[in-house]
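**Student:** The feature NADP(+) binding site is assigned by TrEMBL to Ile10, Gly11, Pro12, Gly13, Val14, Met15, Ala72, Val73, Lys74, Pro75. The NADPH binding site annotation in TrEMBL covers Asn59. Feature annotation from TrEMBL assigns domain 'Pyrroline-5-carboxylate reductase catalytic N-terminal' to 7-101. Annotated domain 'Pyrroline-5-carboxylate reductase dimerisation' per TrEMBL: 164-268, in sequence order.
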Amino acid sequence: MMSSQNLSIIGPGVMAEAIIAGLIRNQVLPAQKIIAAGPRPERGSELVERYGIRFTADNAEAVSAADIVILAVKPQKLRTVLAGLRGKIAPHAVVLSIIAGASIQSISSGLEHPAVIRAMPNTPAQIGQGITVWTSSLAVTEAQLEAARLILSALGQEIYVEEENYLDMATALSGTGPAYVFLFMEALIDAGVHLGFPRRIAEQLVTQTIRGSVEYYALKKDHPAHLRNQVTSPGGTSAAALYYLEKAGFRTALSRAIWAAYERSQELGRGKNSQPPEKNSD
Ligand SMILES: NC(=O)C1=CN([C@@H]2O[C@H](COP(=O)(O)OP(=O)(O)OC[C@H]3O[C@@H](n4cnc5c(N)ncnc54)[C@H](O)[C@@H]3O)[C@@H](O)[C@H]2O)C=CC1
Ligand SMILES: O=C(O)[C@@H]1CCC=N1
């Protein structure tokens, strides 16, 4: 519990709500200590009703009494938001950004504020099952690091890293990760329906197969290839299916996709707002 601290969240979207919900659920902060700011009053009313936090449409007002400022706007909005907050954040406060691609240096110089934490969470944070990779500038104090750890722990697991380079990598692997998992689930469920299962049953089969496999792997701590070999009988069904996945370049497609997300995170950091489809010819 860090009940003496005031926390301000700029950009009250999906991730901001996950953070607010986590902080309140885990009693890290009472609702009255949290204020969110964003341009849409309807969104504000929603959050006020759901969580009992405070809301303002004025970013500068939201940070005026803050000890911790969380930046959760889209990368494309960052420049304007930083300009609006410059000189408005108390010198003793710490800024924690979850914005994909945005470097500590760009936030720190945009705000003229040295104490900056950069974190990359993911959407399972909404149920406290996320994972966050984070790092900090030299100006961040031990007490601020502890406060950040408490906040991020309310979202699930957290891993502190010394090198900021890992943040773009985490953005590609775990930050964006749920998108790969949900696409995979959707494809498996559709395949089940194609076979002839009612969708409801296909969904149950796929969900529990994934959940069970993850739990099994986590308990066994065995190499995934070994666990896969256990499923793969000589001349059997798994071998028949895996042949097609390998032939279709499943691993290469995943690896290339994740590399594209990594490159895109770096591009966002350089302020490149959009990307043409099929940037790569391979
Ligand atoms: N969605 C995801 O899976 C993850 C997103 N992130 C990062 O978190 C950030 C937020 O993402 P989401 O919550 O998904 O986006 P979102 O679109 O749900 O939320 C952004 C919020 O910012 C508000 N906003 C727009 N302009 C503003 C301004 N000038 N001042 C204050 N608020 C403003 C919007 O009204 C919206 O409520 C992004 O930078 C993203 O890179 C990080 C990890 C995972
Ligand atoms: O798609 C995005 O840019 C965000 C960042 C991490 C996950 N989603």
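Placement of Cβ uses the backbone N, Cα and C atoms for every residue, glycine included.
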**Student:** Around Ile10 (NADP(+) binding site), how many other C-beta atoms are within 10 angstroms of its C-beta?
**Tutor:** 26
**Student:** By a simple count, how many Cβ atoms lie within 10 Å of the Cβ of Ala72 (NADP(+) binding site), its own Cβ left out?
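**Tutor:** Its Cβ shell of radius 10 Å holds 24 other Cβ atoms.
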**Student:** Counting by DSSP, what is the helix, strand and coil composition of the domain 'Pyrroline-5-carboxylate reductase dimerisation' (164-268)?
**Tutor:** 90 helix, 0 strand, 15 coil
**Student:** DSSP on Ala72 (NADP(+) binding site), three-state: which is it?
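**Tutor:** The three-state answer is coil.
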**Student:** When secondary structure is assigned with DSSP, how many helix, strand and coil residues does the domain 'Pyrroline-5-carboxylate reductase catalytic N-terminal' (7-101) contain?
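**Tutor:** So the domain 'Pyrroline-5-carboxylate reductase catalytic N-terminal' (7-101) is made up of 42 helix, 19 strand, 34 coil.
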**Student:** Check the Cα distances from Asn59 (NADPH binding site) to each of the binding-site residues Ile10, Pro12, Ala72, Lys74 and keep only the ones within 10 Å.
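**Tutor:** Matched binding-site residues: Ile10, sequence order.
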**Student:** Taking all residues of the domain 'Pyrroline-5-carboxylate reductase catalytic N-terminal' (7-101) together, what is their mean pLDDT?
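**Tutor:** Average per-residue pLDDT within the domain 'Pyrroline-5-carboxylate reductase catalytic N-terminal' (7-101): 97.
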